[in-house]
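Now, the feature entries from TrEMBL:
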type     : residues : note
SIGNAL   : 1-19     : signal peptide
COILED   : 46-73    : coiled coil
TRANSMEM : 120-140  : transmembrane segment
DOMAIN   : 125-245  : domain 'SLC41A/MgtE integral membrane'
TRANSMEM : 160-181  : transmembrane segment
TRANSMEM : 193-218  : transmembrane segment
TRANSMEM : 238-266  : transmembrane segment
Amino acid sequence: MAAVCLSAALLALPPLPRALLSPLPPPPAKFPRAIRMCAPRAPEAATALLEENERLQARVAALEEQLGRTEGLCEVLDSGADFNDSLRSRAAWLLGLLVAQSASSFILEGAEELIHSHPVIVYFMTMLVGAGGNAGNQAAVRIIRGLATGEVNPSSERAFIASEVRMAGCLSLLVVAAGFLRVVAFDATPVDALAISLALFLIVGISVVLGTLLPLLLHRLRLDAAHASTSIQVVMDVLGVTIACLVTPVVYSMAASGAFALPALAAEWLPAELLR
């Protein structure tokens, strides 16, 4: 009886729309581009992650290599660094250089007789040591910059040293020519100009070579290579005074023995005051 009533109720319902009775369309072969881009694709995503990981590892390796090249090159600037540690490091270098620079006073004291007989040496002593310090500082700064950028490395050190040796010879000749004219302009004798110019040639040449080697040496020792720019100044102060006090007596002795006697033809037209 219940089944008969249920059948009668279903027959009394209105008919369903034709759209609902039609079969569903088949699914599209490809989803739209926006849906496909958002859909996860496991193999391709894993490959992209692996490639990105490899790039990051290569970048980290390059940074570690650069850090290894510049380790000990200069003091790391850090706003949170301890002031006392920085003060201790810098003061130690300055006090050490101050003590080393005192050696030039002892050298001048030992050359008192030379200075008394040829006071012109004292007049141009600042020119000698200043030229040496400036030339050495130029070379040191160039090498320090090369170490910081990685341009100077174990494979290129020899090329840089050879280039600086050639540069030392060229700079020495140029500076000597200017120094000779400067000495003569101050009414000094040709012998004085020759003695001071020869000392200047040696000082400039040696300072360029030392300015090249000192940063490399400090870098090899894992010390602050930036200290080379200040150290070369003190080294050339002492070395410049030493070279001047060793070279000029030899020139004066050779001049006194007649080694620099002028030819008779030159003696005829040179002023008499230049021949004394």
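A Cβ is built for glycine as well, from the same backbone N, Cα and C atoms used for every other residue.
Keep in mind that TrEMBL annotations are predicted by a computer and have not been checked by a curator.
With DSSP states grouped into helix (H, G, I), strand (E, B) and coil, the domain 'SLC41A/MgtE integral membrane' (125-245) comes out at 106 helix, 0 strand, 15 coil. Remote same-chain residues near the transmembrane segment (120-140) are listed as 104, 114, 164, 167-168, 171, 175, 179, 182-183, 186, 188, 192, 195-196, 199-200, 203-204, 206-212, 214-215, 228-229, 232-233, 235-237, 239-241, 243-244, 248 (criterion: CB distance under 8 Å, separation of at least six residues from the stretch ends). Along the coiled coil (46-73), the predicted structure has mean pLDDT 68.
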